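One structure below.
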Amino acid sequence: MAGQRGACTMSDVVERSLEGPLALTTDKSSQKRGDLVEILTGEKVKFDDTRLSLILQNGLETLREENALTDVILCVDVQEFSCHRVVLAAASNYFRAMFCNDLKEKYEKRIIIKGVDAETMHTLLVYTYTSKALITKQNVQRVLEAANLFQFLQLVDACASFLTEALNPENCIGILRLADTHSLDSLKMQVQSYIIQNFVQILNSEEFLELPVDTLYHILRSDDLCVTEEAQVFETVMSWVRHKQSERLCLLPCVLENVRLPLLDPWYFVEMVEADPLIRQCPEVFPLLQEARMYHLSGNEIISERTKPRMHEFQSEVFMIIGGCTKDERFVAEVTCLDPLRRSRLEVAKLPLTEHELESENKKWVEFACVTLKNEVYISGGKETQHDVWKYNSSINKWIQIEYLNIGRWRHKMVVLGGKVYVLGGFDGLQRINNVETYDPFHNCWSEAAPLHVHVSSFAATSHKKKLYVIGGGPNGKLATDKTQCYDPSTNKWVLKSAMPVEAKCINAVSFQDHIYVVGGAMRALYAYSPLEDSWCLVTQLSHERASCGIAPCNNKLYITGGRDEKNEVIATVLCWDPEAQKLTEECVLPRGVSHHGSVTIRKSYTHIRRVVPGAVSV
């Protein structure tokens with residue numbers, strides 16, 4: 001079984017073997033291409049026809065379709081499938097055991113198959129004879145269960161990979177249950193990891209309350225559990241116990257030991273934990289309460305598994321101000337990380353290639369593009385760094401160079417969609433371009449996607465619900481456009497949507513809640529676009545123009561950084577738009593004005609902190 005799981009499919013072997021021309025040769029380097037011929041002596045040759053396996057496979061499928069030479073009929077529901085015993089036995093250990101041992105099915109012409117429907121059986125038989133199977137959202141569970149039953153292990157793995165890619169907060173518990181039922185350990189581990197990373201979005205689902213105790217235990221004990229405060233973990237445990245209180249109250253002590261009670265706010269611990277009726281009637285948890293009390297009373301001197309903060313409690317959501325240009329046209333190498341909640345600044349690594357002793361050797365990062373994918377920051381292009389692409393790893397605080405762009409550019413944008421990075425449009429030094437490149441992080445390679453409808457630079461771009469949006473920009477050096485271009489990766493096509501209220505370039509956009517917010521250029525306003533309604537609205541007026549400013553969401557608010565006003569003076573203020581209060585306020589003042597910079601949001605380990613005071617001129 002292990003050997004089957006790791007083996008290549010027949011079609012894989014054929015594809016590789018047919019890559020080169022067919023030739024009769026004694027060159028050993030070519031022995032793996034086409035039809036292989038090795039001269040052993042002057043009188044002997046060894047012939048290896050690598051195409052024969054494909055011919056056999058196609059021939060067997062044709063025989064099945066024509067019902068020729070079949071020797072067994074599989075009866076599923078009311079449908080019958082004529083097959084060849086030898087093919088079934090060769091492909092599946094289940095059928096090998098059935099036909100090669102002294103079982104009654106070995107001698108029967110018609111065999112009734114239970115536990116699978118006819119449509120799924122047809123899918124498995126097509127796979128058996130062709131090594132191909134169509135897996136969809138509608139059939140993946142049935143195909144997985146049947147493949148597991150008949151021991152088509154590679155098909156099981158394919159279904160598991162499909163489910164892993166389809167994970168979301170609504171279906172992950174169901175997929176976890178499926179993995180547990182069929183002992184799919186690898187899939188189970190991946191789903192548990194997904195739940196740990198998306199804990200807050202998942203814990204409110206009804207299915208979460210049905211988790212078995214061992215699974216809940218594994219999730220809650222993880223250091224990587226993604227919560228902002230331990231109170232969320234405590235409340236989850238109590239909700240889970242109350243859901244089936246009569247049978248779960250006895251499990252409270254073992255589950256509660258995974259809650260880091262010492263890290264709770266002392267007021268919350270007294271008012272919400274110690275006062276909870278279920279806690280009070282369960283003496284077995286009292287030692288855990290005592291540990292938390294002593295931790296608070298001793299000045300945090302007690303050390304245990306429950307006094308160690310989770311990884312995400314060391315992190316904070318921050319927005320980064322990356323590079324750019326100052327009032328005297330000096331290029332900024334620093335990356336400023338601001339935490340609005342804690343009013344603090346985090347020091348991070350300077351931009352790459354900017355720390356040479358000679359100033360003339362340093363790269364000048366300006367009019368580049370940046371985006372965040374999986375908490376890593378990607379930057380690309382720029383006037384002096386046209387083909388360069390780097391990513392910032394926040395866990396090690398370093399920039400790492402990755403594969404170059406195929407087409408160098410600046411005044412472009414980067415957007416993340418479907419786990420890939422898109423580089424859109426821009427200026428190549430001669431003209432505005434409509435080229436779109438897509439980066440695959442797994443293979444570290446770029447490929448082309450459908451080009452933009454309109455060649456633009458200095459535009460705004462973002463992704464929203466499985467589509468890309470390119471807004472405004474300059475089709476040439478003098479003009480601006482109001483066009484909204486929308487890309488659907490499922491069709492690889494661009495279409496035009498409702499135009500912006502004004503023509504604008506040197507603008508930026510961000511997807512936030514149900515809208516796309518656009519700011520910058522000469523607009524003196526913050527606009528919002530609704531992809532659902534395909535309509536625009538004015539959000540709020542600005543006191544000045546903010547051409548080439550940055551915008552980023554952070555802690556459920558929007559932050560507008562820097563830019564240039566109508567006098568071409570750089571701006572140092574950071575504005576905050578609060579959607580709940582519908583209010584625009586000044587958050588703080590940067591050490592220096594900056595424009596043409598990047599602005600993104602990440603979660604950053606909370607180390608090397610310096611204070612930022614509202615209205616201060618430096619940090």
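Keep in mind that glycine also has a Cβ here, set from the backbone N, Cα and C atoms.
Noted in Swiss-Prot for the protein shown:
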type   : residues : note
DOMAIN : 70-137   : domain 'BTB'
DOMAIN : 172-274  : domain 'BACK'
REPEAT : 318-365  : repeat 'Kelch 1'
REPEAT : 376-419  : repeat 'Kelch 2'
REPEAT : 420-466  : repeat 'Kelch 3'
REPEAT : 468-514  : repeat 'Kelch 4'
REPEAT : 515-556  : repeat 'Kelch 5'
REPEAT : 558-604  : repeat 'Kelch 6'
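Only pairs six or more apart in sequence are counted, and the repeat 'Kelch 5' (515-556) with the repeat 'Kelch 1' (318-365) gives three or more Cβ pairs under 8 Å, enough to call it a contact. Count of Cβ pairs under 8 Å against the repeat 'Kelch 1' (318-365): among 376-419, 420-466, 558-604, the largest is for 558-604.
Secondary structure by DSSP for the repeat 'Kelch 3' (420-466): 0 helix, 23 strand, 24 coil. If you average pLDDT over the domain 'BTB' (70-137) in this model, you get 92.
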